[in-house]
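As written in TrEMBL, here are the features:
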ACT_SITE  THR12  active site, O-isoaspartyl threonine intermediate
ACT_SITE  THR12  active site
ACT_SITE  THR93  active site
BINDING   SER62, THR93, ASP94  substrate binding site
DOMAIN    3-194  domain 'L-asparaginase N-terminal'
DOMAIN    236-346  domain 'Asparaginase/glutaminase C-terminal'
Amino acid sequence: MSKVYVLYTGGTIGCTGSPLAPMPGPQFEALVQSMPGLENGTVAGYAGLQYTVAWFEQPLDSSNMTPSDWITIANALVAVYADYDGFVVLHGTDTMAFSAAAMSFLLPGLSKPVVFSGSQIPLEATVNDALPNLTGAIVLAGTTSIPESLLYFDSLLLRGNRSVKVNANQFAAFASPNFPPLGTVGTETTIQSQLVLPAPAWNVSLSNPANLSALSAQLATQAQVMPNFAIITMIFYPGITASLANAMINGSTPSTKGVVIEAFGEGNGPSDPAFLQVLSRANDAGIVLMANTQVLTGTVNIGAYATGLAGVGAISAYDMVPSASLAKLACVTALILPPASIKAAMQTNIAGEITLPSTANA
Ligand code: ASP
C-alpha cells in the first residue's frame, strides 16, 4: 500500500475559461477523479497505490506565486508528511522551476519524493498533456522513494533545483541543462539511481518526528521574513550602466538583501569603474552578490577574465541555474544569518543543485 498526497496549487493543469484561470479545488478534484485510470483515488494498474487531492483555497496562476507561497506549500507538505509515502505538487509551469528548487531548500532532510508537475494544456481539454503528466507524477511519487524535490514533465523526471522552463508552448517544456534527467518514463521507466541523492541519515531525516517538528519552527521563522523578500535578479546586457545598476540595487523598499547576477559567459561584466563600484558598495553593505551565468549551459569561472566579477566580492554560483540561485538565496536569507554565513551556504551543495569545482581545480 502506498499513499500519495496531491496538492493542487493552480496552473494551466486546472485552468478553465477564456482567458484561462485556475478552477477551484473541489471542481478540480472531481475532474481528476473522473479521469480514466484515476477513478476513486486509485491508479489503474498500480494495485495498492492511492492518492488524495488537496488544494490551495485560492488556486494561483504561478505568475502570481511569491516566496511566501513556497512556504505555504512546504507547510502543507510538512503537516501531512508522516501520513503519506510521496507528494505531488500541481503547479503552473511559469514559475514551477523556482518552487521546485525552493522546496529542496525549505525541506532539509527530505526522505520521500515531492514531484512537481503541471501541463501546457488544461486537464479539461480533450487533447492534453495534463493526464499523462498527472498520472506519471502520482506513480513516480508513490513508487520510487526518491528523497528529492523533483519535476516531472513530458516523460522526463528532473531534479527540481536543476530545472528550467525551456519552451512556452510545446509539451517538452522543461530541461535540466547542467545535470542529466534522474529518470525517463516510456515503454520502459528508467531511474538513474546513481544520480539520485542518498536517503538522509535518521538524525537529519524528516521521517524522524523530532526533525519534522524542528522544521515547522524553522518554516515559521522563514514565513515571517518572506513577506519582506528583497532579492533581485540583475541581467547584464550591452549598455548596462552604473546608474541603471544603482537604480536596480538601491531603488527598492525593503532594501535589497541579495542580487542574483546573470552575468555574461563565465561570469563577466562591464569593466567601467563606476559600474563595478555600485556592485562592490553593495557587497560592502552586506548584500550578497551571486555570480551566475545567463548562458543556459555551463559553469561560472569568475577569475578567468579581466572582466570577471571576482573583484567586487561576488561569489560564484558555478553551474546553478539562476532560478535555483534565487530560490536558494531567498530561503537561506530568510534564516536571518550574517552575510558570511549566507555566502558559505550559497557555496555549499545542499541538495544537488550545484557542481562545486574539485579542490584540485579550485
Ligand atoms: N500561466 C500558467 C501558470 O504558470 C502557465 C502554465 O501553467 O503552463 O500558472
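Glycine residues also receive a Cβ, built from the backbone N, Cα and C atoms like all the rest.
Just so you know, TrEMBL annotations never went through curation; they're auto-generated.
Its own atom aside, the Cβ of SER62 (substrate binding site) has 21 Cβ atoms within 10 angstroms in the protein chains shown.
Secondary structure at ASP94 (substrate binding site), taken from DSSP and collapsed to helix, strand or coil, is coil. Long-range Cβ contacts of ASP94 (substrate binding site) within its own chain (separation 6+, distance under 8 Å): GLY11, ASP61, SER62, SER63, LYS165.
Neighbouring residues of the recorded substrate site, listed in sequence order and excluding SER62, THR93, ASP94, comprise GLY11, THR12, ASP61, SER63, MET65, HIS91, GLY92, THR95, MET96, GLY118, LYS165 (Cβ within 8 Å of the Cβ centroid). Each residue in the domain 'Asparaginase/glutaminase C-terminal' (236-346) gets a DSSP state, and the totals come to 45 helix, 17 strand, 49 coil.
Among SER62, THR93, ASP94, the residues given in the record as binding substrate, the maximal Cα to Cα distance rounds to 7 Å.
Put simply, THR93 (active site) is 8 Å from THR12 (active site, O-isoaspartyl threonine intermediate) when counted between their Cα atoms. Over the domain 'Asparaginase/glutaminase C-terminal' (236-346), the average per-residue pLDDT in this prediction is 96.
The Cβ neighbour count for THR93 (active site), using a 10 Å radius and every protein chain shown, is 23.
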